[in-house]
Each structure stands twice: as C-alpha cells, then as structure tokens.
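**Q** Take this structure first; my questions come after.
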Amino acid sequence: MTQTANAAKKTTSTKASAAKEAKVKVTAEEKAVTEVKKPAAKKKSALAFPFTAIVGQEEMKLSLILNIIDPRIGGVLVMGHRGTGKSTTVRALAEVLPLIPRVKGDIYNRTVEQYIEMEAAGKGAPAIKPEDVETELIPVPVVDLPLGATEDRVCGTIDIEKALTSGVKAFEPGLLAQSNRGFLYIDEVNLLDDHLVDVLLDVAASGKNVVEREGISIRHPARFVLVGSGNPEEGELRPQLLDRFGLHARITTINDVAKRVQIVKLRREFDEDPEAFMKKVSREQQKLRKKIVAAQQLLPQVTMDDAVLTDIAKLCMNLGIDGHRGELTITRTAHAYAAWEGDKKVTMKHVREIAGLCLRHRLRKDPLETVDAGEKIDRELAKVLGEAEAAA
C-alpha cells in the first residue's frame, strides 16, 4: 500500500511538474505572440544615414530638394557609378521632409478635399463637412518599388470572391496608393520591366490609379514624385520614361582624397552607433527642414519677367529640344530654386544654375557629337545671355 501511495504521489508530482512546464511553455509562447503583435522598436539598422551628413553630390541633393519644394517639377533621374550614394541619399529624404496632413488612417494619404470628393461622388449621401473629418500629420511617404514587383503589388488587388459574395469592393492597396503625395523610388530604373514602365507612365500622366478586374473598377489618387536611379553602364532608359523625369542629376565617384576620407569616417561613426550619430546631426537636419518649409511658403510669391521666359524659350529652341516640357520644367525649377535661395524674383542667374538639370536628358542624341551635354547647354546659355545683354 505504501508503494502504491508512493507511486501515486510520484505520478501526481510528475503531472504537476509537467503541468507547470506546460504552463511555463504556454506563457512563453503567449509572451512571444504578444511581443510580435506590438510595434517593433526602431532598430539601429532601420535608421537611414542622414541627408545632411552626405558628402558631395550637391547636384543630386539639390534636385531632390527642389522637388520637395515643388513636386510639379516632375521627379529626378539620378544616374552614376555604383557605390556613389544614390540610394542612400534618396532614402535619407524621409528624415528632412516636412509633415503633411491627411485624413486619419486613410490608406491613400488623401487630403480632406480629396476624401470628400471621392467618398461623396455618386453615392447620394449627405454632404460631408470638412470640419467633421478627423485629420493627422504624417511623414511624407518615401516608397521603394523593387525591380521584381508584380503589377498587383504596384497597382493593388481586388478580392473578386468577396466582391461577388458580399457585394463589397475589397481592395488591397499597392505601392502607388502608399506613395500618393510622397516619393516613389525605383533603384536601377533602367532595368525595370517594360510593362511596369507603361503602368507608371499612365499613372504619372493622369495622377490617378485605376484597377479593373472582372468588371469591377477601383480608382484612387496617385500623385507622387518619381525618383529613379541607375548605372548607365547597365542599360539605357526608355525615351518615353526618360522624358517624364523633370530633372536629370549626374553623379560620379569623388576623386578628392580628403572628401573620400571624410566619407569613410562618417559612415563608420554612423555604423558604430546610429542613434548617437543622428543626435549629433539633428540640428543640421532641423535647419534643413526649416529652410525647405520656408522655401515652400515663399514659392507662391516668386515671379518671373517675360524677358527671362523669352530667354528660356530661346535656349530650348536653340538646343533643338522636342516639345515644350523643357520650358515648363525650367520655369518651375527656376521658381523653386529662387525660393530656395530666398529670392522673390527669378533671374537668369537662377536659370543658369538649373538649366543643365532640366535639359541634359532632353537633348537629341548624336553619335558623332563630341561635346558634353552640359558644355553644350552652357554654350547656348552664353549665347542667349549675350544676345540679351546686346539688346539691352
């Protein structure tokens, strides 16, 4: 009987121990699930190298800043050697961009006006008052479009089964929805699939994304600044897409020893302690952000005389630029650059600084031409300015 009691006691003890272990295991699993569901803490590796700490490449940085000041410029194409900071610079944008207002929780980043226009259209519902719509401030989205992305990933998908069974348009937004009112970045854009290029061209022209599946149609705003980067040695960009970029920035490997040493030191310091490095440059980051906001506020007050506009038209005509995107882009970019410089009036000094960015990718290609595109633009600018001075 004693043996039986001992056996029962042992069995009970074993069960209790097993139950305790199981309880510990379940608790650990529940804890793990809870931790996964919580927003992950910002890891050191998630921090992007700060914009203001990037050495050199002023042309690329200016192009991006001008597009922040006036998104109507039409984006930036950055072409240059590998490892020159193209992707790093674009991804650093997020930290210096001003916050923008949107309807709270809106997947399309819509303004109150866009929300009211879309939600009330054709529904016969009572008018929505702007003061009834809750808003929030968010960072300007900077979205990556990977080369291997499918059309559904880019444009979004419609759940046909749910739409047919419940009558609800179940739409899963794509990258175009996420990038509305922000930046859409394509690394190695010259290697992008032709079909996706066609999609981007259509959306860039209309400012809207339309997804149609089995007779069901969804449309939403998709206005974004298109930023592409690539290495010209890996392939040319399709002319149709090339012309859609407002500015074209060229970057090369820095050949100044002191600057190269500085780049290595800054990068090592950032990699060792990203948070400390970000604190170190926070004042410069804030200073840049304030200057961008000031330029955005000044932009509507910037004016341009007809004489300057005439010189811009002459420049584009003398260079044989096809169409009128050249004049439009120079005009918008010159206004943005004047605002960036704190000036309320555009002069040919401003035009001279940004003409190469606006026109070099629009010049007709001549295989026998030995003159660099930048030199050609500078030469024609000198002629136009000389004629203007002579006329004066």
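Cβ from N, Cα, C; glycine included.
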**Q** Quick check on the annotations: Swiss-Prot lists region 'Disordered' for one of 1-21, 148-168, 358-378. Which range is it?
**A** 1-21
**Q** According to DSSP, does Gly80 (ATP binding site) sit in a helix, a strand, or coil?
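**A** DSSP assigns Gly80 (ATP binding site) to strand.
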**Q** What same-chain residues, at least 6 away in sequence, bring their CB to under 8 Å of the CB of Thr84 (ATP binding site)?
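**A** Set apart from Thr84 (ATP binding site) by at least 6 residues yet with Cβ under 8 Å, we have Gln57, Ile251, Thr252, Thr253, Ile254.
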**Q** I want to check the contact list for Gly80 (ATP binding site): same chain, sequence separation of six or more, C-beta distance under 8 angstroms. What comes out?
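**A** Residues satisfying the criterion: Lys86, Ser229, Asn231, Pro232, Arg250, Ile251, Thr252.
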**Q** Count the other Cβ atoms sitting within 10 Å of the Cβ of Ser87 (ATP binding site), across every protein chain shown.
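**A** The Cβ of Ser87 (ATP binding site) has 16 Cβ neighbours within 10 Å.
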**Q** Taking the center of the Cβ atoms of Gly80, His81, Arg82, Gly83, Thr84, Gly85, Lys86, Ser87 at the recorded ATP site, which other residues in this chain have a Cβ no more than 8 Å from that point?
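**A** Neighbours within 8 Å of the Cβ centroid, excluding Gly80, His81, Arg82, Gly83, Thr84, Gly85, Lys86, Ser87: Ser229, Asn231, Ile251, Thr253.
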